């Protein structure tokens with residue numbers, strides 16, 4: 001194929017990745033020239049926003065001198081995962097700018113791609129865990145104990161990070177740099193040792209990392225929404241009902257944003273698998289999949305910088321935590337206005 005997506009670059013051997021007639025399907029040179037010029041700038045912008053935004057989220061969650069609740073434990077881990085992910089984006093921006101000529105050596109080829117692959121699993125598993133926690137809290141509230149949920153959340157997050165790391169081991173082992181004399185580049189590619197690995201990879205990528213988690217997310221959130229509709233009047237009078245509803249609204253927004261950002265990537269990854277096993281063939285499909293994967297990767301990248309924006313504009317309780325942190329870090333002499341006046345200003349400024 002004409003190019004390779006940053007999240008998963010693969011080849012069984014060089015002849016498959018760069019066939020003799022590879023240029024026969026080069027039907028969109030203008031599109032590729034535009035992509036090589038424009039996409040790196042957007043990726044660096046995403047990296048900058050994601051770095052600052054996720055650092056801000058982690059500071060808001062971790063600086064206050066109190067224990068995190070269950071939702072905050074999951075959201076802090078999601079922010080940490082996004083932060084690690086965006087740290088690898090400048091390398092891929094430079095890679096695309098160089099027309100996929102990897103300049104950073106074999107170690108970073110494996111390390112950066114391994115981290116990106118681990119983040120793919122960690123993020124989706126955290127979204128499942130967050131949805132499952134909301135499901136237990138709202139659909140089965142009598143069986144949900146706060147202390148037990150907090151301990152379970154910590155253990156779950158540790159397991160998710162470990163599993164994500166284990167699932168990225170093939171990427172660490174099979175990634176390598178390879179010279180491509182016809183294109184005069186040295187590419188960072190995933191060297192699959194056997195044709196069967198293509199099938200194993202798509203099972204891992206599309207089923208384990210998307211379809212199964214998607215089924216769980218849809219199940220949990222369907223019952224969450226049904227529970228919220230059925231208990232709307234009760235939740236208004238129940239202690240903490242408004243707080244639970246606000247937190248659930250934030251989490252549902254995060255879930256929708258995650259699926260919108262990542263679904264196109266998995267769709268094009270599946271099309272790429274069909275192309276590799278020759279289920280679909282033609283220059284149209286090759287160019288469509290190549291360009292589509294690049295744009296789908298970009299959309300997936302945006303999710304890591306979008307989450308902090310969602311926290312600020314959807315998460316009212318998060319904004320309250322920001323205000324509390326500001327009061328904690330600001331000397332009283334610098335904030336002489338009355339608390340009621342300050343609260344009024346705060347509510348007017350952040351009103352949705």
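Each residue, glycine too, has its Cβ placed from N, Cα and C.
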From 21-41, 42-62, the residue range that Swiss-Prot assigns the feature transmembrane segment: 42-62
Membrane-side pairing of residue 103 with residue 290, Swiss-Prot annotation: yes
Residue carrying N-linked glycosylation site as stated in Swiss-Prot, selected out of 13, 303: 13
Annotated stretch (transmembrane segment, per Swiss-Prot) among the listed ranges 251-271, 272-292: 251-271
Range among 111-131, 132-152 that Swiss-Prot annotates as transmembrane segment: 111-131
Where Swiss-Prot places transmembrane segment among the ranges 207-227, 228-248: 207-227
Intrachain C-beta neighbours of residue 184 (N-linked glycosylation site), sequence separation six or more, cut-off 8 angstroms: 101
Intrachain residues whose Cβ lies under 8 Å of the transmembrane segment (73-93), provided they are six or more past its termini: 6, 39-41, 43-44, 46-47, 50-51, 54-55, 57-58, 61-62, 104, 108, 112, 115-116, 119, 122-123, 126-127, 129-130, 133, 150, 153-154, 157, 160-161, 254, 301, 303-305, 307-308, 311
Recorded stretch that, among 111-131, 154-174, 295-315, has the most CB pairs under 8 Å to the transmembrane segment (207-227): 111-131
Collapsed DSSP category at residue 188 (disulfide bond): strand
Neighbour tally for residue 188 (disulfide bond), based on other Cβ positions within 10 Å of its Cβ: 27
All-chain count of other Cβ atoms within 10 Å of residue 109 (disulfide bond): 23
